[in-house]
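What Swiss-Prot records for 59-79, 112-132, 152-172, 196-216, 240-260, 266-286, 296-316, 320-340, 726-746, 975-995, 1162-1182, 1342-1362 is transmembrane segment. Marked as region 'Disordered' by Swiss-Prot: 367-393, 683-712. What Swiss-Prot lists as compositional bias 'Basic and acidic residues' is 369-386.
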Amino acid sequence: MSSHKSTTKSSSSGSSMSLILGFSKSMEKGNYNFSKENKKNRSFGVLYAMIKGNTFPRILTIISLLIEFCQLSSFGFKQQYPWGGDAGYYLKRIMSPVSHPSNLVGYNGFTIFFWIVIGLLLLGFFNIWYVAYQFYRGKIANIWIIRTLRWFVSTTVAVLFIPIISLLLIGLDCDYSQGGILKTFSNDNIYCFKGANLSIAIVSIILIIVFSIVGFTSSATYYEYDTNVKSRFSKPHARFDVYILFVKLILALLNSLVDFSPWTTSIVYFILSITLVFGSIIILPYNNQRLNQVKSGFYTTVFWVSFMTLVTMGINDETTATTCYITIVGAFFAFPIGYFSNRFYYNWLSSKIDQLKLPTSSSTNDFNEITKNEKSKTGDSKEKESSSPSKVTWGKQPITLGSKRQIIFPFFQNKFVMSFFVEIMVRKLLRSSNGSNGDDGISSNSNESIEHANNLYQCGLQYFPNSDLLWMAYCNFLFTVRKDRHIGYAALEKLRRMKPSFDVRFFIYQRDKEREQIMDSDLRGPEHTGKIQDFVSYMEFKKLYYGAKRHHVKCLTYIKKFWGLLLHETVDLHRLSDLSGRIATTENKANESYERLLALNPNSVRVLRDYSQFLEEVVKDTESSYKLQKKAEAIEDIMSKSQTTDFKTIDIKNLDNSDTELDQVLKQESNAIQLAKIDADIERSGSKSGSSKSKDDSSESSSSSKGRRGKYKEFQQSNAINKLSWLMIGTTACCIIFLIVMLIVLRDLSVKHTHSYQGIISITDCASEAVSIAINLNTMQAISISAGSVAFPFEAAEAMITQYRKQNDRSLIIMKNIHDAIYWGEGDPTSYVGDNLSKLKSINGFDVFDIGSTIFSFEEFNRSSTLVDNKEMIDIYSTPSVNMTILVSPPGTNSTNYITVTQTYNAWKAGNSFYESALIANKMSVQDIKDRAVFDPDFKFIILNAPSNIPEMYMKIQQVYIKSLIDDINTTLDTMLYVWVAIFCFLIILGAVLFRPIVTKISREKIRTLVLFSLAPKDVVFKLSSKKIKMTSLDSGSERDNLFDTTDDDAADGIDNHEHLQVDERKKNDDIIDDGSIVNRSINFGSHRRPLMNSTNVLASTTTINRGTISNRLNEDHDKVPLIENSISNNNKGYGWDGKSKRNLNKKSLRSVLRRLHWSYVLAIFLLFGFITMGLWVTYSVVHDNTQSGYVLGKSCSRSLDSRIINYYIAELYTFDNDANENEALEAVLQLQSNHQSLPYLEDVRPLMEGSYGCWMLNKSNCITSDSIYYNDVSIGLDWLVDQYTKHSVSLVNTDPSLLSTSPELGWMQAIGSDVVFQGLDTATFTYFQYYLSQKDWATKVLTSVLAISCVLLLVIHLLLFRPFMNHLRIQHIHTLALLRLAPDDIRFMEVSDKVIDED
């Protein structure tokens, strides 16, 4: 009655995605056979590796949903929309970076961020290609590669799709009206398809296409369909997710490329938001209904934002924030509207189930009968229910695949009904019958509810027979809920024949893979009892299993080879030692692999049997072997009780519990050993390896298992290797500690260096303040002499002198504080500079405080500098070394003559005397200055000493200060060098004293053990060398060996490098042995680890071989195992020891190998020495370059001081007291010119010197304007200004005193020869200071990086070279001693004399 629906609705749910997913059919080729999927299903193999078991856990799903809501909402607050007021401004500022984080940085930041993201994307794409290529080669990629691939897909597609696409679109967002300039960075004039952005544009176009394909493909398959998985939110399909991704792509494209048309973007945003709301409500993507309601609430809020965006566009008023507030308030109402709309729709759709009507007839062909008892209890009630044809009956119906019977459901006859409605109704049936409203898990549903759901699916398939989405949901229901795998696989085959869409075909592929894992039950164990649940763990398990088998067979083969070498007439101990190491290596690897396998899945029968055989044949631990064997048999008994491969949870007990069925079986046997102990032993021994089961490379150390280590405790009597190991650890630790100490010392030295730069400037500024005080006093004297005339009244002079007196008061305080700071050893003299440099530091971000307002006490100084402790600094401050000129009072009171004398002061008292005299002179009244300044001792003390003696004193202090700094640095570096040489010598002595005896002891123990084996009777050697190798489950599943990348360190073996452990090759080798012609030598030597058997068990398990069957012995080269002579007469001399004659032993080659241990330690020491010496050399070169910078900075400071001294002498020319000294003035000019010409012309100083710097005045109002006659002198640059300054100074010195007042040079000096020159030179000094400070910071970073890298390198060398070497040595040494278990009892405890060991 509803067959007409099949044509109109056959693919109602799948057709909507055909355009997006149609391309995917070309990706899938071939059938779904696992054996061919590595060649024909590469695309699905990659997707399966990415998706299976990798969907977000519940909490991450909720977080991703919140992130998606924020990203979609942010499209309504783009810059093109006129959101008004402060609220609109902040909304656009906050919400826009959610989808465009690069908006927060400039073009350079965008470029860096862009290429970082591109690099990560390319790594992800390369990862995809690599996994696909490995599938193409028929191998499985590295487990960590697959894990990173899964992380890449989870984060980039599910969370970061919008930010990544938006970032790629920034480089394509062009404004063609301005010639194709990038809109986002229009101020930088970056062209889209020119210059630096061309590569960005091309890469963006390519990656948008590739990333979109990857995103859509993975989104279509990125979901958890199994409702029994409690850790994740399940959903039946992901087609709505594909549409959401499509919406995100459209919105990102429009808002990046069409943002010039806000009406277009806002309308599209509104339409897409509506579709998201209705889609989330109608499709109900998640099985968890509450999550569906939350999702609809979010999308309704996004719809509200899009609607208000349209309203804002219509109002177009950026002055009011009304729409912003309405949007924010309305969002709180939009969410519950969407939330409850979704809930109402779900309840309405679920209520339609009551219309379902079933036929009343029942059938005996029900496939899934419960039990006869259940039928007898429930039969009557069900017959009553089925008696009424008008009532919905849920009795047993004939269950056939895609039932042809007419199940009446009028609701499905409506045109608007879609096939996925069936699956939504089934959710309600399963959930309501169990009384659950929020959980999506249905594993505890009653059989009745499952039958109800099955009937509903049967009805849906009747109305929608060609809906691949409905068939997929039904298959999933049969597998996960009804657990009816037979009908499920039949339904899967029918779905396969329907040629379904891409996502459904991938579902089929997943089911095929899971079926293969279930069929591989001897690896997995019973269902739900193993731990192999996801694809990655399953692949890791299989890879480990085949690796364990390889190492197992190799170990047995090397044992045969070991005994075969003893058949030589001359026994080469080197080859025996080499084979013993190979035996130890392969045994250790096999043991570790088996333990990791049991940690992954303790109930795998095949692993239990193989490990049991390994323990019996190799380790000779019969007790543990028996326990594992009994456990495997018990598991097989339980598995054999099932009639099918469907091992349900109710049928299998937990095999690890003490009261399980398995334990009950074992307890019935009187001689059985309880499994709890072996499980505990396995858990204990494999705890470390099992906890890191995701690692693909097993550790080379036996320390990963305490249980295994205990098996060889009896062979660890010698602590020689432990001592050697601690010696290597101590050597590396000593070197690393030295580097860390050196790093701390150098960083402390860097801080001192920074403060020393500050101190150099401070000392010179102290002298500059002294000269400035003298200049002001000279000016005050000149003013007082001129005062009293009509043109210059006394009151005007008084005001001017008061102003100069205030300047001197501040200069005196600054000078006193600097003088005390240097003397007391101020640790951080950053603030102790003059006003000019203090302002420059403050402008450039230095933390400075005012030192010109008060004099600091002794306690207020940070007295942490060690430079003042230098001997020369102490001498200059404590011994008389500064010549000061003092005025001697004349003998007569009216005499105008005066004389001066020179007295010697120390620097501390000279500075204090200058300060005290200046303080007195500065307090003189105008009249006193006019009348008595010429004869005042304090006034003249300042005038006579300020231009020469005081600057000379402070320059001497500066030079000693710099020299003290260099001496301190050199002393520190020399100390580090001496300490390192001492450490190196100590390590060499330590090696000579301790290392050599330890190595000698190890060598002797190894030779002693091997000599014992050379004494084994030849009949025992024949038997052990001829033992046939056979594994109980070797051939099982071996055809899949080629699925795994089995490459390891076997390729490094130099002997018989042709073993790949193929089945045919193993059989061939075994056949050779059966013929009795050759000792099996086809197995490759390789790797390194663990021990073996005792002689009793070996002899008991060895097959006896008649001597007459031994083939003729052939001569072979030294590197091959020799053939055994076929017929050896009893009268002939037999190979192997006959117990009488002397054994021929070759010890030379072994001794040469053991001597290499000495050179290994020497190489280790020189490696450490090389890295540390390299770090020291870089440190010395960088620090040495920086030490010379103090002299350059001091010379720049001296230039500023010279300019002030020249200005002082020029001022004296018109003070009328005959104190002018032309010679000293010319010397000051020469000194200024010399310093100026000898300073390096740094790139940072070039703008200031050449005029491009602009005005350097601290107060910009004092800058020389272009209309000034002196503008050209200043605008050309400081270099020209200094040159003019020196020329004018020389000219003034040689000018007649009577013409000074009218000299143009004097006017030039008064206009720009003071503050303009002073501030320019101070700015140059600060520029030098900043440059060398940056160089020091760079040097500190270099030193830190070099030393830190050296520390890391030393640690890496120890971990990658020294530690593996010691572990390798320890394993081989211990296992060589453990080989004594192979020796017969009559030689096992023999004593070998030292003479035999020492002789060659």
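Backbone N, Cα and C define each Cβ position, glycine as well.
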Stretch contact, the transmembrane segment (152-172) with the transmembrane segment (59-79), Cβ-Cβ under 8 Å, 3+ pairs: yes
Cβ-Cβ under 8 Å with the transmembrane segment (196-216): same-chain residues at least 6 beyond its ends: 20-21, 23, 111, 114, 118, 121, 125, 128, 153, 156-157, 161, 164-165, 168-169, 171-172, 182, 190, 242, 245-246, 249
Contacting positions for the transmembrane segment (1342-1362) when only residues 6+ beyond its ends and CB under 8 Å are counted: 728-729, 732, 735-736, 739-740, 742-743, 746-747, 750, 1164, 1167-1168, 1171-1172, 1174-1175, 1178-1179, 1182-1183
Contact call for the transmembrane segment (240-260) and the transmembrane segment (266-286): at least 3 Cβ pairs under 8 Å, seq gap 6+: yes
Chain residues in Cβ proximity to the transmembrane segment (266-286) (below 8 Å; excluding those fewer than six residues from its ends, i.e. six or more beyond): 72, 75-76, 81, 233-235, 237-241, 243-244, 247, 250-251, 254, 292, 295-296, 299-300, 302-303, 305-307, 309-310, 313, 338, 341-342, 345-346, 420, 424, 440
Same-chain residues near the transmembrane segment (320-340), Cβ under 8 Å, at least 6 residues beyond its ends: 76, 83-88, 91, 277, 280-281, 293-294, 296-301, 303-305, 308, 311-312
Tertiary contacts of the transmembrane segment (59-79) (same chain, 6+ residues out, Cβ under 8 Å): 91-92, 95-96, 98-99, 158-159, 162-163, 232-233, 244, 247-248, 251, 255, 259, 262, 265-266, 269, 273, 276, 291, 294-295, 298-299, 301-302, 305-306, 308-309, 327
